[in-house]
Amino acid sequence: MSIDHDLSTDQLHRLLGLVDHDAGDDPFPVTGWDAVVWVVGNAAQTALHHRLVLGMELVAYSGPETGNADHHAYVLQAGHVRFVVTGGVDPASPLHDRHRLHGDGVADIALEVPDVDRCVAHARSAGATVLVEPHDVSDEHGTVRTAAIATYGDTRHTLVDRSRYDGPYLPGYIAANGPALATPAFQALDHVVGNVELGRMDEWVAFYTRVMGFTNMAEFVGADIATDYSALMSKVVASGDRRVKFPLNEPARGRRRSQIDEYLDFHAGPGVQHLALATDDILATVDALRARGIEFLPTPASYYSDPALRARIGDVRVDIEELAARGILVDRDEDGYLLQIFTRPVGDRPTVFFEFIERHGSLGFGKGNFKALFEAIEREQARRGNF
Ligand SMILES: [Fe+2]
């Protein structure tokens with residue numbers, strides 16, 4: 001694979017579509033993603049999967065051997081992405097209760113902030129639920145200041161200031177030396193999508209703008225697209241420099257049952273639908289992951305043969321035939337284009353999945369692909385008998 005793992009700041013900006021931002025008057029400055037924390041049914045095997053298939057490195061660990069009798073927590077990294085996969089060890093662990101309800105999924109989208117107290121004070125005054133008050137946690141590597149606020153469903157945002165800490169993850173974790181067992185498949189986290197209940201998307205857009213000072217990005221999927229093709233409505237909020245982007249979906253009344261309704265049923269409520277991982281060589285990523293057994297959503301052949309596609313996307317860096325051979329989708333807007341592809345759900349329930357994305361100037365999320373994509377998703381949904 002030709003993926004470059006030592007990205008310059010400029011390259012990272014291009015990869016993620018970042019914009020300049022003055023944090024000075026930002027009421028809730030966010031520097032970036034800290035970690036995506038998952039609760040899964042078998043953290044030991046999920047961690048091994050991520051090393052073998054996603055090419056992540058195991059860098060830290062907490063569990064019975066470190067004095068944490070309740071659960072396993074494996075901290076995995078690839079490029080700028082950090083996942084923490086957790087699973088109950090003690091039969092009485094609350095993680096089992098969460099897993100019983102939601103299945104494998106994301107419990108916490110932790111964000112890196114330079115001033116935890118300022119963020120929490122602002123969030124509280126804007127009506128957010130503070131789940132964990134700001135406090136210090138320390139060990140021989142230094143001190144982390146952290147707090148947590150609630151977002152949609154049972155999801156939370158832990159806020160982390162690790163500027164005074166040089167340990168492998170957080171106090172309570174020991175360094176682990178678990179090399180990646182394959183070439184990393186991505187370099188950065190681009191966006192995390194939430195599915196919320198019917199009629200509540202605008203409430204959550206307002207939450208992120210009011211509580212976290214996020215801005216509403218231009219791209220949205222409204223009722224026009226929703227009813228015919230996607231049966232969902234979508235808006236996007238983002239942090240000041242767009243490092244952190246949160247598309248929010250709600251079900252819409254379509255011709256058939258919405259895929260968002262299916263998610264809400266099987267996840268037992270709102271939660272994270274997909275994580276988009278940025279790569280600078282999506283062809284290499286898809287080839288490698290497919291060789292390791294990852295299944296992607298098929299794209300109809302008609303998507304590539306449609307003359308409207310060539311007219312819509314213009315010149316992209318590879319031939320359409322190369323994209324067609326892999327099922328990679330293309331979208332273009334006034335700023336540039338993007339290449340993207342979606343996996344099947346990663347766990348046992350039809351809930352959370354991954355997207356891989358290669359941006360070339362476009363700040364969008366693939367709105368132009370909704371029709372093609374959702375036709376493909378609906379075929380999958382029908383195969384599961386939930387359509
Ligand atoms: Fe996406």
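Placed from the backbone N, Cα and C atoms, the Cβ positions cover glycine too.
What TrEMBL lists as domain 'VOC' is 32-162 (among others).
The domain 'VOC' annotation in TrEMBL covers 188-344 (among others).
The Fe cation binding site annotation in TrEMBL covers His191, His274, Glu355. A sphere of 10 angstroms centred on the C-beta of Glu355 (Fe cation binding site) encloses 22 other C-beta atoms.
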Surrounding CB atoms that lie within 10 Å of the CB of His274 (Fe cation binding site), all protein chains: 23
Within the domain 'VOC' (32-162), residues counted as helix, strand or coil by DSSP: 32 helix, 63 strand, 36 coil
